[in-house]
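Student: Structure in structure tokens, see below.
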């Protein structure tokens with residue numbers, strides 16, 4: 001016995017710990033932890049559907065960018081950005097109507113799941129068509145085909161992707177649970193584009209040596225679209241949970257919704273930050289061309305080296321994904337985003353000032369460019385932004401009585417995308433002025449002329465500086481972002497009070513009564529110890 005005459009607890013064997021863990025997981029499979037809403041089965045289905053969405057979306061983000069459209073269809077450097085701009089403008093026109101449809105939809109399957117699941121096969125078919133480059137067509141025919149297939153693909157991509165990113169806000173009203181679940185799911189989402197970046201380089205290199213590089217896009221586009229479509233269907237097993245109030249059940253008109261979101265100060269400041277930071281990664285559109293020109297003495301080997309090193313740059317988000325639940329406990333979202341923007345600016349600024357042409361071609365370029373690009377890409381904005389928007393949805397409901405997710409999406413995604421593509425159009429004219437045509441670097445297996453190399457490196461230097469300036473401006477605007485952790489917690493409490501006073505609050509039904517048992521409660525703490533102290537620390541940050 002110890003000095004307090006307390007009996008010593010017998011040491012627990014490894015076998016007993018494994019049995020205990022198995023029992024806890026068995027309970028967790030169907031029963032959420034105390035004060036939480038998702039059980040393990042639902043979390044895994046959510047993660048699987050997220051991987052499916054990411055796989056589908058990666059077909060566009062990895063193969064149908066402003067640069068790659070011009071490169072792979074072998075058309076003018078201006079067409080790729082104009083296609084992306086046309087798609088984003090069309091999306092901006094559609095978004096308010098789509099937002100109204102989302103706001104006024106309420107089915108037994110939820111508000112968002114029906115749209116995500118219905119759009120998935122349409123999106124997959126469009127993505128396959130856009131990557132199935134036709135052969136033996138002249139430039140005019142290739143240009144028409146690119147406009148006809150890429151524009152609808154990009155429009156649906158935007159609606160599909162943005163609608164799915166509303167899901168973290170409705171699977172649970174508990175913001176810390178949103179973060180704890182979404183951060184590891186973000187790792188799953190980030191895995192798909194990283195794998196594609198690795199595969200594309202090797203597959204392109206293999207077909208390049210056969211003189212048919214476009215076939216690589218057909219193979220990757222079809223496989224990714226098919227796999228992604230199958231996994232998206234796991235979303236059927238995920239439930240939506242929204243704190244309902246009488247006001248939020250009311251139908252909202254188009255102009256009324258637009259007027260109401262203008263009262264949302266956090267949304268307006270975040271949107272402005274994203275707009276001024278819209279070209280903060282502009283240089284990454286041409287990263288693959290930069291890699292195949294600078295990472296080795298010939299283009300085929302450069303592609304292989306670049307693809308291998310994407311395992312490093314692609315996982316620049318990984319540490320942040322892992323740390324995000326802990327970071328959000330200690331810091332406000334504003335502080336986290338300012339830190340990431342500063343790194344974004346510093347890495348690109350150093351490369352822009354050094355000059356790509358001043359870094360020796362081969363191993364030195366591969367190491368230096370990869371290392372500093374890793375610094376600039378060291379963030380998890382793709383995971384943090386949906387979490388910030390989930391708080392903004394709650395703020396909107398608190399402020400106006402309506403959540404208006406679809407209308408908010410118009411500002412935070414659709415409008416930002418328009419400015420992003422406007423930026424890419426401006427950069428396309430810079431490319432044209434320099435004589436930089438991505439098509440000149442397509443289907444080349446050995447090396448390009450010194451003139452083409454000099455033209456490319458000149459553009460890369462400019463793109464690094466532009467990206468750094470954009471990241472710096474985004475950082476400055478985020479200093480004015482007003483919504484804190486403490487304020488959001490108070491907002492959710494007020495929404496729950498309103499809902500209960502109206503007799504509409506039913507979220508408690510999602511938590512099984514047996515959760516109170518010790519074995520279940522130990523699976524995951526609903527709130528970390530000292531949460532009040534964490535809120536105080538976050539407010540200071």
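Using N, Cα and C of the backbone, Cβ positions are placed for all residues, glycine too.
In TrEMBL, annotation is done automatically, which means it is predicted and not curated.
The structure displayed is predicted, hence computed values, not measured ones.
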Student: Which residue range, 20-42, 181-203, is the one TrEMBL calls transmembrane segment?
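Tutor: Here TrEMBL associates transmembrane segment with the stretch 181-203.
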Student: Of 265-283, 284-302, which span is tagged transmembrane segment by TrEMBL?
Tutor: 265-283
Student: Give the one range among 43-64, 115-132, 265-283, 303-324, 336-354 whose Cβ atoms make the most pairs under 8 Å with those of the transmembrane segment (144-160).
Tutor: 115-132
Student: For the transmembrane segment (336-354) and the transmembrane segment (410-430), decide whether they are in contact, meaning at least 3 CB pairs lie under 8 A, counting pairs 6 or more apart in sequence.
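Tutor: No, since the transmembrane segment (336-354) and the transmembrane segment (410-430) share fewer than 3 Cβ pairs closer than 8 Å, they do not count as touching.
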Student: Given a Cβ distance threshold of under 8 angstroms, which distant residues of the chain, six or more beyond its ends, lie next to the transmembrane segment (181-203)?
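Tutor: For the transmembrane segment (181-203), the sequence-distant neighbours (Cβ-Cβ under 8 Å, at least 6 residues beyond its ends) are 38, 43, 46-47, 50-51, 53-55, 58, 61-63, 168, 171-172, 216, 219-220, 224, 288, 291, 303-304, 306-308, 310-311, 314-315, 317-318, 321-322, 324-325, 380, 382-383, 386-387.
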Student: Can we call the transmembrane segment (410-430) and the transmembrane segment (265-283) in contact, meaning three or more C-beta pairs below 8 angstroms at a sequence separation of 6+?
Tutor: yes
Student: Any contact between the transmembrane segment (215-236) and the transmembrane segment (366-389)? By contact I mean 3+ C-beta pairs closer than 8 Å, pairs at least 6 apart along the chain.
Tutor: no
